[in-house]
Amino acid sequence: MATLNSSSTLSSTFYLTGIPGYEEFHHWISIPFCVLYLVGITGNCTILHIVRTDPRLHEPMYYFLAMLSLSDMGMSMPTMISLFRVLWSISREIQFNICVVQMFFIHTFSFTESTVLLAMAFDRYVAICHPLRYATILTPRLITKIGIAALLRSAFAMTPILVRLAFFPFCHSHILSHSYCLHQDMIRLACADTMFNVIYGLILVIVLWGMDSLGIFVSYMCILHSILRIASREGRLKALNTCASHICAVLILYVPMIGLSIVHRFAKHSSPLIHVFMAHVYLLVPPVLNPIIYSVKTKQIRQGVLHLLFPTKISSAMM
(Lines of atoms letter the chains of each structure in order from A and count residues from 1; the text may use other names and numbers.)
(Lines give C-alpha, C1' and ligand atoms only; values in the text may rest on other atoms or scores of the structure.)
Protein backbone atom coordinates (compact mmCIF):
# COMPACT_ATOMS: atom_id res chain seq x y z
CA MET A 1 0.00 0.00 0.00
CA ALA A 2 2.89 2.33 0.83
CA THR A 3 4.48 1.53 -2.52
CA LEU A 4 1.20 2.23 -4.30
CA ASN A 5 0.79 5.56 -2.55
CA SER A 6 4.37 6.47 -3.36
CA SER A 7 3.84 5.57 -7.01
CA SER A 8 0.60 7.54 -7.15
CA THR A 9 2.28 10.58 -5.63
CA LEU A 10 5.18 10.27 -8.05
CA SER A 11 2.87 10.03 -11.03
CA SER A 12 1.32 13.41 -10.26
CA THR A 13 4.58 15.26 -9.53
CA PHE A 14 7.01 16.52 -12.14
CA TYR A 15 10.38 18.18 -11.85
CA LEU A 16 11.31 21.35 -13.70
CA THR A 17 14.75 22.08 -15.11
CA GLY A 18 16.60 25.40 -15.02
CA ILE A 19 19.65 26.05 -17.20
CA PRO A 20 21.38 22.66 -17.63
CA GLY A 21 25.04 22.70 -16.62
CA TYR A 22 24.81 26.12 -14.97
CA GLU A 23 22.97 25.24 -11.78
CA GLU A 24 25.53 26.99 -9.57
CA PHE A 25 24.89 30.24 -11.45
CA HIS A 26 21.09 30.12 -11.28
CA HIS A 27 20.87 33.01 -8.80
CA TRP A 28 22.92 35.22 -11.13
CA ILE A 29 21.03 34.04 -14.22
CA SER A 30 17.77 35.06 -12.52
CA ILE A 31 18.82 38.74 -12.66
CA PRO A 32 18.45 39.19 -16.47
CA PHE A 33 15.21 37.20 -16.32
CA CYS A 34 13.91 39.58 -13.63
CA VAL A 35 14.80 42.52 -15.85
CA LEU A 36 13.09 40.98 -18.89
CA TYR A 37 9.89 40.16 -16.99
CA LEU A 38 9.88 43.64 -15.42
CA VAL A 39 10.32 45.31 -18.81
CA GLY A 40 7.64 43.12 -20.40
CA ILE A 41 5.04 43.60 -17.67
CA THR A 42 5.72 47.34 -17.34
CA GLY A 43 5.67 47.89 -21.10
CA ASN A 44 2.43 46.00 -21.73
CA CYS A 45 0.66 47.50 -18.72
CA THR A 46 1.73 50.94 -19.95
CA ILE A 47 0.24 50.23 -23.39
CA LEU A 48 -3.02 49.06 -21.80
CA HIS A 49 -3.18 52.12 -19.53
CA ILE A 50 -2.54 54.57 -22.37
CA VAL A 51 -5.12 52.97 -24.66
CA ARG A 52 -7.71 52.90 -21.86
CA THR A 53 -7.22 56.47 -20.62
CA ASP A 54 -6.53 58.42 -23.82
CA PRO A 55 -9.78 59.05 -25.79
CA ARG A 56 -7.74 59.72 -28.96
CA LEU A 57 -6.64 56.08 -28.92
CA HIS A 58 -10.15 54.63 -28.82
CA GLU A 59 -9.74 53.39 -32.39
CA PRO A 60 -9.57 49.87 -33.88
CA MET A 61 -5.78 49.87 -34.34
CA TYR A 62 -5.18 50.61 -30.65
CA TYR A 63 -7.85 48.21 -29.42
CA PHE A 64 -6.04 45.45 -31.32
CA LEU A 65 -2.76 46.64 -29.82
CA ALA A 66 -4.31 46.29 -26.35
CA MET A 67 -5.36 42.73 -27.26
CA LEU A 68 -1.78 42.03 -28.33
CA SER A 69 -0.49 43.25 -24.96
CA LEU A 70 -2.99 41.07 -23.09
CA SER A 71 -1.98 38.04 -25.21
CA ASP A 72 1.71 38.74 -24.54
CA MET A 73 1.16 38.80 -20.79
CA GLY A 74 -1.15 35.80 -20.87
CA MET A 75 1.54 33.79 -22.68
CA SER A 76 4.54 34.78 -20.56
CA MET A 77 3.32 35.49 -17.02
CA PRO A 78 2.20 31.90 -16.18
CA THR A 79 5.85 30.85 -16.50
CA MET A 80 7.20 33.49 -14.13
CA ILE A 81 6.53 31.83 -10.77
CA SER A 82 7.79 28.37 -11.76
CA LEU A 83 10.89 29.84 -13.45
CA PHE A 84 11.96 31.81 -10.39
CA ARG A 85 11.15 28.91 -8.05
CA VAL A 86 13.71 26.90 -9.99
CA LEU A 87 16.33 29.65 -10.40
CA TRP A 88 16.10 30.67 -6.73
CA SER A 89 16.34 27.01 -5.59
CA ILE A 90 12.95 27.14 -3.85
CA SER A 91 11.49 24.04 -5.48
CA ARG A 92 11.67 22.16 -8.75
CA GLU A 93 8.43 20.27 -8.15
CA ILE A 94 5.22 21.03 -9.99
CA GLN A 95 1.96 19.12 -9.70
CA PHE A 96 0.34 17.66 -12.80
CA ASN A 97 -2.83 19.77 -12.56
CA ILE A 98 -0.82 22.99 -12.21
CA CYS A 99 1.29 21.88 -15.15
CA VAL A 100 -1.79 21.40 -17.32
CA VAL A 101 -3.16 24.84 -16.36
CA GLN A 102 0.19 26.40 -17.20
CA MET A 103 0.27 24.64 -20.57
CA PHE A 104 -3.27 25.79 -21.27
CA PHE A 105 -2.40 29.45 -20.74
CA ILE A 106 0.89 29.32 -22.66
CA HIS A 107 -0.46 27.56 -25.74
CA THR A 108 -3.89 29.23 -25.74
CA PHE A 109 -2.50 32.75 -25.62
CA SER A 110 0.18 31.83 -28.14
CA PHE A 111 -2.52 30.88 -30.66
CA THR A 112 -4.59 33.90 -29.59
CA GLU A 113 -1.70 36.26 -30.27
CA SER A 114 -1.35 34.80 -33.75
CA THR A 115 -5.04 35.50 -34.41
CA VAL A 116 -4.73 39.04 -33.02
CA LEU A 117 -1.85 39.66 -35.45
CA LEU A 118 -4.14 38.50 -38.26
CA ALA A 119 -6.80 40.95 -37.06
CA MET A 120 -4.19 43.72 -36.99
CA ALA A 121 -3.20 42.85 -40.57
CA PHE A 122 -6.85 43.15 -41.58
CA ASP A 123 -6.99 46.50 -39.76
CA ARG A 124 -4.02 47.77 -41.82
CA TYR A 125 -5.63 46.43 -45.01
CA VAL A 126 -8.89 48.31 -44.38
CA ALA A 127 -7.06 51.49 -43.31
CA ILE A 128 -4.90 51.58 -46.46
CA CYS A 129 -7.14 50.00 -49.11
CA HIS A 130 -10.55 51.26 -47.91
CA PRO A 131 -9.84 54.33 -45.74
CA LEU A 132 -13.28 55.91 -46.26
CA ARG A 133 -15.02 52.77 -44.97
CA TYR A 134 -12.61 52.17 -42.07
CA ALA A 135 -14.93 53.33 -39.28
CA THR A 136 -17.98 51.57 -40.71
CA ILE A 137 -16.21 48.23 -41.22
CA LEU A 138 -14.22 48.01 -37.97
CA THR A 139 -16.93 48.92 -35.49
CA PRO A 140 -16.45 48.43 -31.72
CA ARG A 141 -18.97 45.58 -31.87
CA LEU A 142 -16.96 43.74 -34.55
CA ILE A 143 -13.68 44.31 -32.70
CA THR A 144 -15.19 42.82 -29.52
CA LYS A 145 -16.42 39.79 -31.47
CA ILE A 146 -12.97 39.30 -33.04
CA GLY A 147 -11.28 39.39 -29.62
CA ILE A 148 -13.70 36.91 -28.06
CA ALA A 149 -13.56 34.62 -31.11
CA ALA A 150 -9.74 34.63 -31.08
CA LEU A 151 -9.64 33.56 -27.42
CA LEU A 152 -12.40 30.95 -27.68
CA ARG A 153 -10.96 29.41 -30.86
CA SER A 154 -7.59 28.92 -29.18
CA ALA A 155 -9.04 27.65 -25.89
CA PHE A 156 -11.37 25.11 -27.52
CA ALA A 157 -8.62 23.93 -29.87
CA MET A 158 -6.27 23.19 -26.95
CA THR A 159 -8.83 21.42 -24.74
CA PRO A 160 -8.83 17.90 -26.34
CA ILE A 161 -5.08 17.26 -26.10
CA LEU A 162 -4.84 18.65 -22.56
CA VAL A 163 -7.80 16.57 -21.37
CA ARG A 164 -6.24 13.49 -22.94
CA LEU A 165 -3.05 14.07 -20.93
CA ALA A 166 -5.00 13.24 -17.76
CA PHE A 167 -5.38 9.64 -18.98
CA PHE A 168 -1.68 9.07 -19.75
CA PRO A 169 0.47 7.07 -17.32
CA PHE A 170 3.86 8.66 -16.67
CA CYS A 171 5.90 5.71 -15.48
CA HIS A 172 9.33 6.84 -16.74
CA SER A 173 11.28 9.98 -15.93
CA HIS A 174 9.28 12.88 -14.55
CA ILE A 175 11.96 15.46 -15.35
CA LEU A 176 10.80 18.16 -17.77
CA SER A 177 13.21 19.96 -20.08
CA HIS A 178 12.20 23.49 -19.09
CA SER A 179 11.35 25.58 -16.04
CA TYR A 180 7.69 25.49 -17.12
CA CYS A 181 5.38 23.02 -18.83
CA LEU A 182 4.98 22.66 -22.59
CA HIS A 183 2.76 20.07 -24.25
CA GLN A 184 5.47 18.75 -26.58
CA ASP A 185 7.75 18.31 -23.58
CA MET A 186 5.14 16.52 -21.47
CA ILE A 187 4.03 13.90 -24.01
CA ARG A 188 7.57 12.58 -24.48
CA LEU A 189 7.44 11.40 -20.84
CA ALA A 190 4.22 9.41 -21.25
CA CYS A 191 4.52 5.63 -21.48
CA ALA A 192 1.40 5.26 -23.63
CA ASP A 193 0.35 5.75 -27.23
CA THR A 194 0.66 9.52 -27.76
CA MET A 195 0.00 9.39 -31.52
CA PHE A 196 -3.28 11.31 -31.20
CA ASN A 197 -1.60 14.15 -29.29
CA VAL A 198 1.32 14.30 -31.70
CA ILE A 199 -0.84 14.32 -34.85
CA TYR A 200 -3.51 16.60 -33.37
CA GLY A 201 -0.85 19.03 -32.14
CA LEU A 202 0.80 19.08 -35.57
CA ILE A 203 -2.56 19.64 -37.30
CA LEU A 204 -3.37 22.38 -34.79
CA VAL A 205 -0.12 24.21 -35.58
CA ILE A 206 -0.56 23.83 -39.35
CA VAL A 207 -4.24 24.85 -39.37
CA LEU A 208 -4.25 27.70 -36.83
CA TRP A 209 -0.84 29.23 -37.45
CA GLY A 210 -1.08 28.33 -41.13
CA MET A 211 -4.46 30.03 -41.59
CA ASP A 212 -3.33 33.09 -39.63
CA SER A 213 -0.02 33.44 -41.47
CA LEU A 214 -1.77 32.93 -44.84
CA GLY A 215 -4.32 35.61 -43.94
CA ILE A 216 -1.51 37.99 -42.93
CA PHE A 217 0.34 37.26 -46.18
CA VAL A 218 -2.78 37.86 -48.34
CA SER A 219 -3.53 41.09 -46.45
CA TYR A 220 -0.06 42.42 -47.13
CA MET A 221 -0.21 41.45 -50.80
CA CYS A 222 -3.37 43.55 -51.10
CA ILE A 223 -1.75 46.36 -49.08
CA LEU A 224 1.35 46.30 -51.28
CA HIS A 225 -0.77 46.36 -54.43
CA SER A 226 -2.66 49.39 -53.10
CA ILE A 227 0.53 51.19 -52.00
CA LEU A 228 2.18 50.77 -55.41
CA ARG A 229 -0.73 52.69 -56.93
CA ILE A 230 0.00 55.75 -54.76
CA ALA A 231 1.57 58.41 -56.99
CA SER A 232 3.95 60.16 -54.59
CA ARG A 233 6.98 58.50 -53.02
CA GLU A 234 6.22 60.21 -49.69
CA GLY A 235 2.72 58.76 -49.72
CA ARG A 236 4.02 55.25 -50.33
CA LEU A 237 6.58 55.55 -47.53
CA LYS A 238 3.97 56.92 -45.13
CA ALA A 239 1.62 54.03 -45.87
CA LEU A 240 4.41 51.48 -45.45
CA ASN A 241 5.51 53.10 -42.19
CA THR A 242 2.08 52.48 -40.67
CA CYS A 243 2.68 48.73 -41.20
CA ALA A 244 6.27 48.60 -39.90
CA SER A 245 5.39 47.92 -36.25
CA HIS A 246 2.96 45.17 -37.18
CA ILE A 247 5.46 43.46 -39.49
CA CYS A 248 8.02 43.48 -36.66
CA ALA A 249 5.44 41.99 -34.25
CA VAL A 250 4.66 39.21 -36.75
CA LEU A 251 8.35 38.33 -37.14
CA ILE A 252 8.94 38.50 -33.37
CA LEU A 253 6.21 35.92 -32.76
CA TYR A 254 6.55 33.59 -35.74
CA VAL A 255 10.35 33.25 -36.03
CA PRO A 256 10.89 31.96 -32.43
CA MET A 257 7.67 29.92 -32.68
CA ILE A 258 8.85 28.14 -35.84
CA GLY A 259 12.34 27.75 -34.40
CA LEU A 260 11.03 26.10 -31.22
CA SER A 261 8.79 23.74 -33.21
CA ILE A 262 11.70 22.71 -35.45
CA VAL A 263 13.99 22.11 -32.45
CA HIS A 264 11.39 19.96 -30.66
CA ARG A 265 10.54 17.86 -33.72
CA PHE A 266 13.82 17.56 -35.61
CA ALA A 267 16.59 18.26 -33.09
CA LYS A 268 15.54 16.12 -30.15
CA HIS A 269 19.10 14.97 -29.47
CA SER A 270 20.72 18.40 -29.71
CA SER A 271 22.15 20.20 -26.67
CA PRO A 272 19.54 20.87 -23.93
CA LEU A 273 20.74 24.47 -23.90
CA ILE A 274 19.36 24.95 -27.41
CA HIS A 275 15.91 23.76 -26.31
CA VAL A 276 15.97 25.97 -23.21
CA PHE A 277 17.22 29.01 -25.13
CA MET A 278 14.60 28.69 -27.89
CA ALA A 279 11.79 28.21 -25.36
CA HIS A 280 12.76 31.35 -23.43
CA VAL A 281 13.11 33.37 -26.64
CA TYR A 282 9.66 32.20 -27.74
CA LEU A 283 8.00 33.22 -24.46
CA LEU A 284 9.94 36.35 -23.48
CA VAL A 285 10.93 38.17 -26.67
CA PRO A 286 7.41 39.14 -27.89
CA PRO A 287 6.22 40.61 -24.52
CA VAL A 288 9.47 42.56 -24.13
CA LEU A 289 9.93 43.88 -27.68
CA ASN A 290 6.36 44.55 -28.82
CA PRO A 291 5.72 47.49 -26.41
CA ILE A 292 9.14 48.95 -27.23
CA ILE A 293 8.55 48.73 -31.00
CA TYR A 294 5.08 50.24 -30.84
CA SER A 295 6.28 52.98 -28.48
CA VAL A 296 9.10 53.91 -30.85
CA LYS A 297 7.25 53.56 -34.17
CA THR A 298 3.75 54.82 -33.22
CA LYS A 299 3.54 58.56 -32.55
CA GLN A 300 0.38 58.42 -30.43
CA ILE A 301 1.76 55.67 -28.16
CA ARG A 302 5.08 57.49 -27.88
CA GLN A 303 3.29 60.68 -26.84
CA GLY A 304 1.26 58.72 -24.30
CA VAL A 305 4.41 57.23 -22.76
CA LEU A 306 6.08 60.65 -22.61
CA HIS A 307 2.96 62.10 -21.01
CA LEU A 308 3.12 59.43 -18.29
CA LEU A 309 6.82 60.10 -17.66
CA PHE A 310 6.78 63.91 -17.94
CA PRO A 311 3.14 65.03 -17.53
CA THR A 312 3.94 68.70 -16.80
CA LYS A 313 6.37 69.21 -19.67
CA ILE A 314 4.22 67.43 -22.24
CA SER A 315 1.07 69.33 -21.20
CA SER A 316 2.85 72.69 -21.44
CA ALA A 317 4.34 71.74 -24.82
CA MET A 318 0.89 70.81 -26.17
CA MET A 319 -0.49 74.18 -25.00
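Note that Cβ sites are derived from N, Cα and C of the backbone, with glycine treated the same way.
Summarising the annotation, TrEMBL assigns transmembrane segment to 28-51, 63-88, 94-122, 142-167, 198-223, 244-267, 273-293. What TrEMBL lists as domain 'G-protein coupled receptors family 1 profile' is 43-294.
Where the transmembrane segment (198-223) meets the stretches 28-51, 94-122, 142-167, 244-267, 273-293, the count of C-beta pairs under 8 angstroms peaks at 94-122.
Under 8 Å from some Cβ of the transmembrane segment (142-167) lie the Cβ atoms of residues 60, 63-64, 67, 96, 100, 103-104, 107-112, 115-116, 119, 183, 186-187, 190, 192, 196-197, 200-201, 204, 208, all in the same chain and six or more residues away from its ends.
Across the residues of the domain 'G-protein coupled receptors family 1 profile' (43-294), the predicted structure has a mean pLDDT of 89.
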